[in-house]
Amino acid sequence: PPPANAGRVPGPPDGGWGWVVVFGAFISIGFAYAFPKGIAIFFKEIQDFFGTSYSEIAWVSSIMLATTYGAGPISSILVNRYGSRPVVILGGLLCGIGMVSAAFCTSILQLYICVGFITGFGLALNLQPSVIIIGKYFLKRRPIANGLAMAGSPVMLCTLAPLNQFLFDNFGWRGSFLILGAILLNCCVAGALFRPIGAATTPVKTQVTEEGKDALKEEVTKDAMEMSSPMNITMETKTEEEGGKGCCEKVNQYLDFSLFKHRGFLIYLIGNVLMFLGFFAPIVFLAPYAKHIGIDEYSAAFLLSILAIVDMIARPTTGIIANSKWVRPRIQYFFSFSIAFNGACHLLCPLASGYTGLVVYSIFFGLAFGMVCAMLFETLMDLVGAARFTSAVGLVTIAECCTILLGPPIGGTLIDTFGDYRYMFIKCGAVMVLAGTFLFIMNYYNYRALAKEEKERKTKEEDPKSVRTENEGRNNWNKETAQDGPELEPLREEREGLKKEVNGT
């Protein structure tokens with residue numbers, strides 16, 4: 001006989017090769033998040049080169065970020081079909097091709113296509129599989145693993161900000177794009193580390209036995225349909241219904257649209273869509289703002305490095321705190337607080353005067369940014385579970401891409417209109433405080449509703465009357481089935497005979 005655990009999915013190892021996978025995710029997630037921010041170093045020079053406005057140049061980062069998030073469902077479908085490893089390797093190749101092509105662009109529209117769409121799509125194929133595979137390798141230590149993997153973003157940003165400035169000074173923006181395209185090919189190496197983990201291979205003997213059973217079932221069904229014309233009509237109707245549902249079921253295999261009936265998922269989705277309207281604009285415009293008020297180029301780039309260093313420490317620390325027994329049962333509250341804290345930092349930014357004030361702002365911004373990013377996917381997995389997480393990530397990212405696309409250009413429009421960066425920071429801060437407040441209130445309602453539903457379920461299980469009613473209903477159904485009449489008696493006798501023959505063989 002086949003082993004008892006044949007065909008079962010092995011549990012997450014919570015270690016071992018999983019830490020190598022975390023390292024690979026550290027690299028791919030780092031590039032996916034840090035690259036659209038680090039490339040902002042070139043914006044002032046590209047703006048002067050093409051003679052564009054702030055809002056026009058902001059579309060480069062916006063399109064890249066929106067494509068990274070909007071292509072989430074495509075990435076999730078590819079991961080479900082082919083696994084994480086080939087998808088990340090393909091994403092690394094696209095990133096390299098996009099940046100090398102951007103080095104030869106002669107208009108801002110071509111930059112939108114090469115940097116925005118091609119590189120953005122490559123980053124999408126890096127981000128989703130990296131987040132998904134961590135959930136397959138970790139369960140108990142998942143918040144810590146997510147925090148360590150998410151720390152790749154600040155490490156990469158800390159490295160890319162001064163590196164981009166150095167590359168620009170020595171090779172110009174075109175030469176820098178060529179070198180960055182080669183650097184992004186390291187995502188292919190990261191993808192090679194994503195060893196698949198899944199169901200054990202079913203033995204050949206078991207497969208042959210199952211095929212024999214399927215053949216017997218088909219013969220039994222065929223004989224039964226010939227013996228009873230009413231049953232034949234019923235089977236034909238079911239086949240037609242299944243054919244009609246085929247297309248929807250195929251789509252639902254890869255993207256679980258039933259999540260839109262999940263209360264916690266809807267709360268998370270609305271809060272995040274609102275949050276991303278002000279999440280990325282401040283980090284995109286931080287270096288240009290510093291240059292605008294007269295700070296030299298390297299000091300302006302160093303602000304991003306300060307933000308990244310604090311972010312680097314904040315993410316794993318947040319992961320450890322979120323994994324504690326006091327925070328993990330109510331992690332949604334912690335996430336809501338982090339978003340509101342992030343917004344409060346932006347609201348206070350206009351009070352910062354001079355370089356010292358911007359350094360203080362960068363420290364607090366890095367702390368708040370790291371807290372949000374460390375829990376961004378952990379809170380989603382806490383709500384929907386690991387089994388539905390792949391579909392949830394795809395659906396969330398495509399919904400978020402609209403506000404991610406609009407966030408930086410709206411900020412750029414405010415700068416063009418008023419000639420001042422303060423209104424952009426105030427807008428982003430107000431939106432994020434509103435999103436954090438919404439999530440806090442709605443999560444409180446969700447926790448109360450879940451506790452009430454759990455209490456009702458336990459009461460129903462412990463109530464002897466409800467159990468007795470269920471047993472009586474089951475007995476009545478059995479009696480009605482036994483009294484179906486003499487017309488089905490030949491079919492029952494035939495079925496019993498077939499069962500005995502199958503057992504004999």
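Heads up, the Cβ atoms here are built off N, Cα and C, so glycines get one too.
Quick look at what TrEMBL lists:
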COMPBIAS  454-473  compositional bias 'Basic and acidic residues'
COMPBIAS  489-505  compositional bias 'Basic and acidic residues'
DOMAIN    18-447  domain 'Major facilitator superfamily (MFS) profile'
REGION    454-505  region 'Disordered'
TRANSMEM  16-36  transmembrane segment
TRANSMEM  57-78  transmembrane segment
TRANSMEM  90-123  transmembrane segment
TRANSMEM  144-163  transmembrane segment
TRANSMEM  175-194  transmembrane segment
TRANSMEM  265-286  transmembrane segment
TRANSMEM  298-314  transmembrane segment
TRANSMEM  334-353  transmembrane segment
TRANSMEM  359-377  transmembrane segment
TRANSMEM  389-411  transmembrane segment
TRANSMEM  423-445  transmembrane segment
Contact between the transmembrane segment (334-353) and the transmembrane segment (359-377) (3 or more Cβ pairs under 8 Å, separation 6+): yes
Within-chain partners of the transmembrane segment (175-194) [C-beta distance under 8 Å, separation at least 6 from its ends]: 20-21, 23-28, 31, 35, 39, 42, 83-89, 91-93, 95-100, 102-103, 119, 122, 126, 129-130, 133, 164, 167-168
Contact call for the transmembrane segment (57-78) and the transmembrane segment (144-163): at least 3 Cβ pairs under 8 Å, seq gap 6+: no
Cβ contacts under 8 Å made by the transmembrane segment (359-377) with residues that lie 6+ beyond its boundaries: 33, 131, 143, 146-147, 150, 153-154, 272, 275, 279, 282-283, 286, 303-304, 306-316, 318-319, 322, 331, 334-335, 338-339, 341-342, 344-346, 348-349, 352, 393
Tertiary contacts of the transmembrane segment (298-314), as residues 6+ beyond its ends and Cβ separation under 8 Å: 34, 37-38, 41, 151, 153-158, 161-162, 164-165, 283, 286-288, 290-291, 355, 358-359, 362-363, 365-367, 369-371, 373-374
Long-range Cβ neighbours of the transmembrane segment (144-163) (under 8 Å; 6 or more residues past either end): 18, 22, 25-35, 37-38, 41, 130-131, 134, 137-138, 287, 298, 301-302, 304-305, 307-312, 314-320, 322-323, 366, 370, 373-374, 376-378
Confidence summary (mean pLDDT) of the domain 'Major facilitator superfamily (MFS) profile' (18-447): 79
